[in-house]
Amino acid sequence: MNRGLGGAVVCSMLVLPALLALAAAQPPSPAALSPAQSASRPPSPTAARAPAPSQSAPPPPPAAQAGKPSPSPRPAPAPLTPPPRAAPTPPPASPVPAAPRPAQKPPSSPPAAPAPRQSSQPPAAPQAPPAPRPAPTPPPPTSAASPRPTPSPAAPAPRQSPPPAASPPPPAPPQPSSNSTPSTSSTLGQLSPSFYAESCPGVELAVRDVVRSASTLDPSIPGKLLRLVFHDCFVEGCDASVLIQGNGTERTDPANLSLGGFNVIDAAKRLLEVVCPATVSCSDIIVLAARDAVVFTGGPAVPVSLGRRDGLVSLASNVRRNIIDTGFSVDAMAASFTAKGLTLDDLVTLSGGHTIGSAHCNTFRERFQVTNGSMAPVDGSMNTDYAGELIRACSAANGTVSAGAAVACDSGSASAFDNRYFANLLEGRGLLRTDAVLVQNATTRAKVEEFARSQDGFFASWAESYARLTGLSVKTGADGEIRRTCSSVNG
């Protein structure tokens, strides 16, 4: 027993100087502490850093047992556990009180007898290291850095400086985005199939119902509506200027005296003013009504763009220089179409609109001559049988041409929108001179023959040409107005 105790004393005496030498080399502030305190100070950093668990644990027990054996083991583990938990604030205060106590009591180190009691505790000391291994070991270095509060304010300072610099840019982008409102207003000036999607979503259904009801009561309505859109768009563009009543308006020109379908447009407008007041233009109603007239008679349902505004000017003097006269040649019609951005193909396709409707006898009287109270065809290209039919239909009792009589534009198929019109042209059965001349020009005749062979080809071309026709010189954006009544401008 004595040998064991003596060996333990010798070992402790050998280990203690080595630890004291190591601790003397490690402390950062030797000048502020006495040599006795420096010997007692090293245990705290070693406990904080915990790189040498086996050596750091033994120094505290002898220093603690110098005073009282029972409380000494309790304060030793205490510094091990608190540093990781309250490292930021308490570490500077905790080592100061602990240092003076061991510094005053190391001279009474001779009591080596309690060493064997700690020899039973070393196994407990190795159990302490596993606790700091997982997470406590990294935090102590950070806690060691914690006593440097001076650089910490410098760190937040640079962090705060960038935010103010970054904050001004964000308000700048929203300002340009707000300037995008003018661009959206400019887009409102463009036609679109969904123009009334929010302001009047039922506009197309309302116009379609009115056209269907009117056409059911009067089979001549579809042809009248189709002719109305031609006469409107070719003069001042598609702006409903042809609807305005009054002295000297387009409606008073002789070329427009035979127009019809005004009552249908007015009925649709009255309905829409109840559902969507001051929203849908009369010019859009004309375009929709003519499209629906084609559908009602079996033609293609083509999509149309909307958003036109109604014109403020309607002059009879603008009609004759823009409208196609029934006595025009192909060259004269081609010049008029080209001036409006339309092509010869558009000319032939849109002439196919004559497949429905009728015409008064005085509109083609130049194709006949009256001699001794009888009518005779002047145009030798007209089919003889067809010429006889027209003479019988248009002859008045006094041997003159009846101004009030009317005949179908498309012989045998005037109530259906189809390609029969082109087949009739090839057979010499064109009613108007502008119809008959289409087969006398090589370019236009080729297109007539194409449409006579394929109704699908005619329908496809019709959709494209109708879109171009109804886009002539439209007024959008701030131009024109939305009339409350189609027959007069807003007053």
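Glycine too: its Cβ is placed from the backbone N, Cα and C atoms.
Annotation source TrEMBL lists signal peptide at 1-25.
Per TrEMBL, the feature region 'Disordered' maps to 26-193.
Annotated compositional bias 'Pro residues' per TrEMBL: 70-114 (among others), in sequence order.
As annotated by TrEMBL, compositional bias 'Pro residues' applies to 123-176 (among others).
Taken as a whole, the domain 'Plant heme peroxidase family profile' (190-490) shows an average pLDDT of 94 in this prediction. What TrEMBL lists as domain 'Plant heme peroxidase family profile' is 190-490.
Per TrEMBL, disulfide bond is recorded for CYS200-CYS276 (among others). Here the Cβ of CYS276 (disulfide bond) has 16 other Cβ atoms within 10 Å, regardless of which shown protein chain they belong to.
Counting every protein chain shown, the Cβ of ARG227 (site 'Transition state stabilizer') has 24 other Cβ atoms within 10 Å. Sequence annotations record features per position, and here TrEMBL assigns site 'Transition state stabilizer' to ARG227.
Long-range C-beta contacts of HIS231 (active site, proton acceptor), restricted to its own chain and to partners at least six residues apart, with a cutoff below 8 Å, comprise VAL242, GLU250, ALA255, ASN256, LEU259, VAL319, ILE323. Residues annotated as active site, proton acceptor in TrEMBL: HIS231.
TrEMBL lists ASP232, VAL235, GLY237, ASP239, SER241, GLU250 with the feature Ca(2+) 1 binding site. For GLY237 (Ca(2+) 1 binding site), applying a Cβ distance below 8 Å and a minimum sequence separation of six or more within one chain yields GLY311, LEU472, SER473, VAL474, LYS475.
Around CYS238 (disulfide bond), the same-chain residues six or more apart in sequence whose CB sits under 8 Å from its CB are VAL229, ASP232, SER283, ILE286, VAL287, ARG308, LEU469, THR470, GLY471, LEU472, SER473, VAL474, listed in sequence order. TrEMBL lists CYS233-CYS238 (among others) with the feature disulfide bond.
Counting only same-chain residues six or more apart in sequence, the Cβ atoms lying under 8 angstroms from the Cβ of CYS282 (disulfide bond) belong to ALA240, LEU243, ILE265, LYS269, ASP310, ARG483, CYS486. The annotation disulfide bond is assigned in TrEMBL to CYS282-CYS486 (among others).
Per TrEMBL, the feature heme b binding site maps to HIS354. Within the same chain, residues at least six positions away from HIS354 (heme b binding site) with a Cβ under 8 Å of its Cβ are CYS409, ASP410, TYR421, LEU431, LEU432, ASP435.
Using a 10 Å radius centred on the Cβ of THR355 (Ca(2+) 2 binding site) and all shown protein chains, the other Cβ atoms total 27. Sequence annotations record features per position, and here TrEMBL assigns Ca(2+) 2 binding site to THR355, ASP410, ASP418.
Marked as disulfide bond by TrEMBL: CYS361-CYS394 (among others). A simple way to gauge crowding: the CB of CYS394 (disulfide bond) has 22 other CB atoms within 10 angstroms, across all the protein chains here.
The disulfide-bonded residues near CYS233 (disulfide bond), taking a 10 angstroms Cα-Cα threshold over the set CYS200, CYS276, CYS361, amount to none. Sequence-distant neighbours of ASP418 (Ca(2+) 2 binding site) (same chain, 6+ apart, CB under 8 A from its CB) are GLY298, GLY299, THR355, GLN455. Minimal Cβ crowding within 10 Å, among the recorded positions VAL235, CYS486, is found at CYS486. Nearest Cα neighbour of CYS276 (disulfide bond) among the listed recorded positions (ARG227, ASP239, CYS361, CYS394): ASP239. Checked against CYS200 (disulfide bond) by C-alpha proximity, the recorded positions ARG227, VAL235, SER241, CYS394 yield SER241 as the nearest. Nearest by CA distance to CYS361 (disulfide bond), out of the binding-site residues VAL235, ASP239, SER241, is VAL235.
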